[in-house]
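K.L.:
One structure follows; several queries about it will come next.
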Number of protein chains: 2
Amino acid sequence: METVKVIKIGGNIIDNEEALTAFIKDFSTITGPKVLVHGGGKLATKLAAKMNIPVNMNEGRRITDADTLDIITMVYAGKINKNIVAQLQANNCNAVGFSGADGNTIVSEKRPVNSIDYGFVGDVKNVNTNVLEILLNNEITPVFCAITHNKNGQLLNTNADTIASELAIGLSSIFNTELYYCFEKNGVLEDVEDDDSVIENINTESYKTLKDNHIIFEGMLPKLDNCFHAINKNVQKVCIGKSDMLFKTNNKHTTITQ
Amino acid sequence: METVKVIKIGGNIIDNEEALTAFIKDFSTITGPKVLVHGGGKLATKLAAKMNIPVNMNEGRRITDADTLDIITMVYAGKINKNIVAQLQANNCNAVGFSGADGNTIVSEKRPVNSIDYGFVGDVKNVNTNVLEILLNNEITPVFCAITHNKNGQLLNTNADTIASELAIGLSSIFNTELYYCFEKNGVLEDVEDDDSVIENINTESYKTLKDNHIIFEGMLPKLDNCFHAINKNVQKVCIGKSDMLFKTNNKHTTITQ
């Protein structure tokens, strides 16, 4: 069984032209099947401001109304995705940009309205890997933005970390699958102010203790939940850290195990 | 040899939600390999206005500066392309959205600056059909927006009619290829005011006469040049008319022959 790497990058790379160029150059050197998932960074917020479209928040959560969905689709699937694909091609990495609608790869359903109506936000229902399998077996690299669809013609906004874990889980029935969350820190930190305080391994048991003792920065919890979701669903390896962990040996990072 | 249909739609369909929904429903019923190419319609101009980005014209031609390229990428590759793909999926047509950067399918070069600097406009250099062939042979429908790349990381704006003819020419080495330009008229008209005055066949000789006698509306000439380019380069069938020509028998349209 071949190994596929699913690699997610976030704002610290996407919003920094130099960092993105360097990352894409490194990413292109990875041999074997690979999938790139990118978040949206700050561009969507900037575009909304330019167009005088208000950012709707409810209890600290962004609401995706129709205008915001349009902006996200334009920025994530258009500007960011196509520029990444073009840069990968320049580095001889044959890439094809994807949303979850393309190839019907990620079907989601609009989050039900309970106390909050999140608008056009999709929770992943199922992942179809047949198109991805064809491409990966032909040395073509899918590049995913964080947009899904409901199979009834509606695009939906889905968290990029979730897209990465669901794709990894989906692909794990065909490939040995490794999932890498790249972000601005060296990993999960014991002290959020100290980038050297990396917790090198977290398993289900220690995760519970770390949570109970409020040691992990709260913003990390959804990402870690995605990690455990993946490692409990057949993904072989899950890591969090700077993208250096992929390209440099001995680069500190956090590995998630069952 | 199987037959592939390359179908280009323009503003009259893209800008009209009802027309687009109806077209996509019909398009999804086409059996056999097919490629959809869409223009941009009026959305890009509207977005530019909303963002106070001026439309730069030079001698009646739009100049694609960096801001305009961003808008085009967002609207064409993002909003329009992904919404079409999602609607195709809703009709059980398994589609994947493409720009020329995806799969390195269409490489162009920035138009040289002579009397006019058109900005980020790309003239097609070559078409790579290997990814398209893989998808088409797996009953997956590529959906192209009118964006190409220069293989050095730069996206470029390319005319959608040109994209359609170049894709058809490229695919003609693998498939019997048919090219359909769908627009708001029944075909090439003798009298632009009379939609019944369709010229049902135009060949190289009659085209010259029609041009010399200024019978054809001038705006049609670039489209017709694309048609003759295709028919002279191995494309088996080239038609211009309303999209009805694809779905209704006896629907008047113009056929281009050598």
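The count begins at 1 with the first shown residue.
Using the three backbone atoms N, Cα and C, a Cβ is placed for every residue, glycine included.
According to TrEMBL, the feature domain 'Aspartate/glutamate/uridylate kinase' maps to B:4-241. Here TrEMBL flags B:Lys8, B:Lys223 as site 'Transition state stabilizer'. Feature annotation from TrEMBL assigns substrate binding site to B:Gly40, B:Gly41, B:Arg62, B:Asn157.
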K.L.:
Compute the centroid of the Cβ atoms of B:Gly40, B:Gly41, B:Arg62, B:Asn157, then list the same-chain residues not in that set whose Cβ lies within 8 Å of it, in sequence order, for the substrate site.
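P.N.:
So the additional residues around the site are B:Gly39, B:Ala44, B:Thr45, B:Ile72, B:Val75, B:Tyr76, B:Ala146.
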K.L.:
Based on Cβ atoms within 10 Å, give me the single least packed residue among the recorded positions B:Arg62, B:Lys223.
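P.N.:
Per-residue Cβ counts within 10 Å for the recorded positions B:Arg62, B:Lys223 bottom out at B:Arg62.
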K.L.:
Within 10 Å of the Cβ of B:Gly40 (substrate binding site), how many other Cβ atoms can you find? Include all protein chains, please.
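P.N.:
Result for B:Gly40 (substrate binding site): 23 other Cβ atoms within 10 Å.
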K.L.:
Quick one: mean pLDDT on the domain 'Aspartate/glutamate/uridylate kinase' (B:4-241)?
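P.N.:
Averaged over the domain 'Aspartate/glutamate/uridylate kinase' (B:4-241), the predicted model reaches a pLDDT of 95.
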K.L.:
In Å, rounded, how far does the Cα of B:Lys223 (site 'Transition state stabilizer') sit from the Cα of B:Gly40 (substrate binding site)?
P.N.:
16
K.L.:
Under a three-state reading of DSSP, tell me whether B:Asn157 (substrate binding site) is helix, strand or coil.
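P.N.:
The three-state answer is strand.
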K.L.:
Counting other Cβ atoms within 10 Å, pick out the least crowded of the recorded positions B:Lys8, B:Gly41, B:Asn157.
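P.N.:
Relative to the other recorded positions in B:Lys8, B:Gly41, B:Asn157, B:Gly41 has the fewest Cβ atoms within 10 Å.
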K.L.:
According to DSSP, does B:Gly41 (substrate binding site) fall in a helix, a strand, or coil?
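P.N.:
Going by the DSSP assignment, B:Gly41 (substrate binding site) belongs to neither helix nor strand, so it counts as coil.
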K.L.:
Please state whether DSSP places B:Lys8 (site 'Transition state stabilizer') in a helix, a strand or coil.
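P.N.:
Note: B:Lys8 (site 'Transition state stabilizer') is in a strand by DSSP.
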K.L.:
Assuming the binding residues for substrate are exactly those in the record, B:Gly40, B:Gly41, B:Arg62, B:Asn157, what is the maximum CA-CA distance in angstrom, rounded?
P.N.:
14
K.L.:
B:Gly41 (substrate binding site) to B:Lys8 (site 'Transition state stabilizer'): how many Å between their Cα atoms?
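P.N.:
That separation, Cα to Cα, works out to 12 Å.
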K.L.:
For B:Lys8 (site 'Transition state stabilizer') and B:Arg62 (substrate binding site), what Cα-Cα distance in Å is obtained after rounding to a whole number?
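P.N.:
Cα-Cα distance, B:Lys8 (site 'Transition state stabilizer') to B:Arg62 (substrate binding site): 21 Å.
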